[in-house]
Amino acid sequence: MVSAFEFVPAIAVLPLVSFVVALAFGKWMPKKGALAGIFATAGSLLLSIWTVLTVAGILGSETAYHEEIWQFATGIGTFDLHLGVFVDPLSSLMLLIVSLISLLVFVFSLGYMNDENETGLPRYYASLSLFSFSMLAFVFADNILMAFMFFELVGLCSFLLIGFWFREDAPPSAAKKAFLVTRFGDFFFLIGVVGIFATFGTGLFVTEAGFPAMAEQAISGEMPGTVADFLEPLGMGAQGWFTILGLLVLGGVVGKSAQFPLHTWLPDAMEGPTPVSALIHAATMVAAGVYLVARMYGFYLLTPTTMGIIALIGGFTALFAATMGVVKQELKQVLAYSTISQYGYMMLALGSGGYVAAVFHLTTHAVFKALLFLGAGSVIIAMHHNENMWDMGGLKEKMPVTYWTFLSGSLALAGIFPFAGFWSKDEVLYEALIHGLGDPVILVAWAMGLLAVFLTGFYTFRMVFLTFHGEPRTDDAEDPHGVRWNVKLPLGVLGVLAATLGFINMVPVAKLTGAHIDFLHKWLVGSEIVNAEFLTGLHVYEDLLPYESAYIAGGEVPTLLISAALSLGLALAGVGLAYRLYAVPEPVEHTKKLGGLRTLLMHNYYQDEYQVWLAEGVTLPLARVADTFDQGIIDGVVNGISSVSLFSGDRIRRIQTGVVSNYAALLTIGLALLLIAFGIVGGWF
Amino acid sequence: MIPLQTQSTLPDWAALAPAILLGLTALTLFLIDSIDPNDESPSLLAGVATLGSVLAMVVTGWYLVAGTGMPRTGGAIELFSGQLVVDGMSLFFTFIFTSVTALVTVASYDYLSGRPNQAEYYALVLLAATGMSVMASANSLATAFVALELSSLPSYGLVAYLKNDRGSVEAGLKYFLIGAVSSAVLAYGISLVYASSGALQLDAVAEALSMGIQNTGVLGVGILMVAGGFAFKTASVPFHFWAPEAYEGAPAPISGFLSSASKAAGFVLAFRVFVTAFPLEVVAGTIDWTLAFTVLALVTMTLGNFAAATQDKVKRMLAYSSIGHAGYALIGIAIVTGTANQGYALGASMLHLFVYGFMNTGAFLFVALVEYWGVGRTFEDYNGLAKQAPVACFAMTIFLFSLAGLPIGGGALSKWALLSATASAATLSAWLLAAALIVNSALSLFYYSRVVKAMWIEEPAGDFEVSSHPTGLYAAVVGAAIVTFLLLPAFGVVSGTAFDAAAALF
């Protein structure tokens, strides 16, 4: 029987084909390329399901797969560069998520783009297909260079799609910003990639020959030859150098996953079409950063400093973004800040050793955030592309499908029992707590994450109440535009998932009852081969974990319950506050009560301002100095040489008088000069 | 490939077949002209001339491939008691002459249409080519002088071919007068060398000098004056004064012929005479002629390029650039010192002349094409030409960029070979030459680009229409462009022969 693994490259190639088809023939196709994308991503989804089943061991015994596909550069006396495929529980799960969300986004786009008679659709669907292709290939990359290449392609696609409506003012500017800010982070990533190749002679993620395994050997004392050769002239310890490498790669992660301080591009990215926002936030662009940390988790675990930094960045971003989400007036803006905040949780989980928790939250978030964006898209269609929540209200009765699914997503986002977000967020905080009790840095990060729970509950339901409850505040809200099946179907699928997906890893229930229902945990533990050969199983990571677990109130179960109660209580408190303030027929703005803080929040802590100042006040003058040097000194020398040349050329030209007797005279004089000179040198006279 | 055994069955004089073929073709043309002096069928004349030169080229190519006169088949073939010699170098240069001749005769078919005295024109071209191929084989100062005159005298007539054009006649006369002065210098130099060695045959001169030099002054002046005579032929400073005017005034195919083939002929003579008759280790005490050639090379390339940069007529710019290229080719003989890989240095110069034969002839033939159309001569007149004649302009772009040394034609690799030869010599003067080569090439890119810019980027000034596409001129221009381009990937094929041929001389 053929193995699913042989078809894994096709998961990415199918969207690539649809990219070409949509680009070349989209103009003449009935849905302008949407159908090509739908079929391609549906194919990818089926193949991903098949792959997941195979990895699960249901369809055969081979449960992980690694193969080099194409070696595009052969090194002579040094390393080779190649593209390869690696499938393990993590990557197969991610393949499933990405292809599912992509498919739903394609379907939704039929309603959001085609039904609204947008122009330039072939370009839209081509970019969307390329986006899916890039992300899928990024997910199964077996080495960091290939990951980097597709990471960049993902960035390019986000640029193309955010700036899709390039004739307006804001989208191209937002696209540029997204590209430049993430590029700033990718710059460090690139240096990190070069550093990893230079240090280890390989960029492979997995197996004994991969760089995480080599780094582990180096730290445990059995220094591999290549690493020793590199470190010796460097004069650095393995631990210190690996920390630097880890932080360099983290630069790319912080940029892509919109973590503080490189998060500023993401709210602006809302200028793109809403389905694109769904794709960017749920499954592709932003997820790429966190996924990369998870992919090379074996490397990060070796350097506790980096882990601490990741946790701190995560915790801080979670809180920081949540505070800004509280005052936003536009539906998608609230969602944008919630995305930043939620990815902060994932980073917090990764940094505090909660690998399973991070992957779990990545999974649930992908579902409920895609749902919320698509729901927002549905509302935006209904509101004739007005996104201001203060112009909405009372949409609950007019669009029940959207309302109920959106509510499901909101409950998940706020972390209300028993929706998906509750289980995953609870696990994130629990892991951070038990590891933080022995490590103050993690504890600080945990505290920030916990505080953000309250804010999340508040801003989420402020959004829900303002949008759907109360009385309609405008004519558009009074008489919304209807939506069709192609909007409702994705919402329905995701709405059900957002309510139920948490059941794949109900750790508290498992701990209480002793029933083994923590399926995701078991999934990520992986099979024998994943742990022994590829070294990406959970057992491997647990052995490397630099933290000790500590418990309060006398044991694991009470700690678990206290943690869950705490986060649920805070979330409910947030929801309750939102209910009191905004679930009234005629809600009014309460932000004025915040006083000076409001201005600060409205201006997003002046993050944009200081970054613009960095660009205009620091970089630009520096660039001007360099330009002056280039124009004045370098070009000046060049221009000087050329004017001297032309001037002397003009003189030389005048020797040619046109009078033949002059020529004869000059010729004779020249010969005579030569004769005299050589005669003197040669001593002829 | 032809089996080598065939070679041994041919008599020795057959090694001169290319020169004989060229000479016979010239005589045939005279015969045709005397039978029918008012022959109005130029295609017969052009056909015979082209056929003769192509035949000579094929025979030369066959000899080169078969290894005639090369070490692997028994070494150089000496004829007439060593007055003439056929070896790799003579064949290599004969190949340059014959291929340039073929290009020129093909192109002339269209260029000359409607003009009188075509038989004389073709016959003179073929006679000049005969003289050049004898120059390549000359192994005695006497034959060298005769051969040089045989190639020069027809050239004077050819430059003045456009009898009713004032520029052409004036240029012919100037060329002749400077040529006369230079021949006098050469003849006097030869006599002084004879006075101090008592021999004219090159090997005999070297042998006599190695016995001991009686009067260093006489010999030194003699050698320097011989060098001067060759400098006239190669259009090197200070014997270059004829060149800008002759190239500008002459019919454009003749400009190409003179600046490529005739120049190369001067070089082959200089290479053979100086390396064979005046070995450096023998005459170093009297005159270090590599120093003389270093000075000549530096001054020639600098003057040629600097003057070319300020011209406003394309043909005159090419004339000066041709002087500059003579300076590049002189590098090879200027660094034939003990420290350098001598065969490599000389081979590099030979290669440059080989590539130059195609790219420079091609450039002049393009000018011939433009003259044929009646477009003006200045850079401005070339504005927007590419819109009218894209194929020819594309070919011209290849020529010009290859002349500048960009890797679009063989010119890049031959310059690179010259550079690496200077690097292997690694003396102060060699570094100086390398620096001058680089600086001058950079400068040359400026003025070559002006033509390219005019053709492709500028808007045409007047409403000019290219009326016709002359087959002969187009064939020659495109053919030269193809060879120039192919010499980039196929450089290795030619370079092996050149280096072997040069190495056999030492």
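Backbone N, Cα and C define each Cβ position, glycine as well.
All annotation found in TrEMBL is predicted automatically rather than curated by experts.
Owing to the predicted nature of the structure, the values given are computational and were not obtained by experimental measurement.
Looking at the stretches B:267-288, B:289-310, the one that TrEMBL records under the feature transmembrane segment is B:289-310. In this chain, the transmembrane segment (B:317-338) does not touch the transmembrane segment (B:85-109); fewer than three CB pairs sit within less than 8 A of each other, excluding pairs fewer than 6 residues apart.
Beyond the ends of the transmembrane segment (B:428-448), by six or more residues, the same chain brings 290-291, 294, 297-298, 301-302, 305-306, 308-309, 311, 317, 321, 324, 327-328, 331, 334-335, 340, 400-401, 403-406, 415, 418-419, 422 to within a C-beta distance below 8 angstroms of the stretch. Under the criterion of 3 or more C-beta pairs below 8 Å, with sequence separation of 6 or more, the transmembrane segment (B:473-499) and the transmembrane segment (B:13-32) do not qualify as touching, having fewer than 3 such pairs. Counting only same-chain residues 6+ beyond the ends of the transmembrane segment (B:217-243), those with a CB under 8 A from a CB of the stretch are 141, 148, 151-152, 174-175, 178-179, 182-183, 185-193, 195-197, 209, 259, 262-263, 265-267, 269-270, 273-274, 278, 283, 286-287, 289, 292-293, 296-297, 299-300, 303-304, 319, 322-323, 326-327, 329-330.
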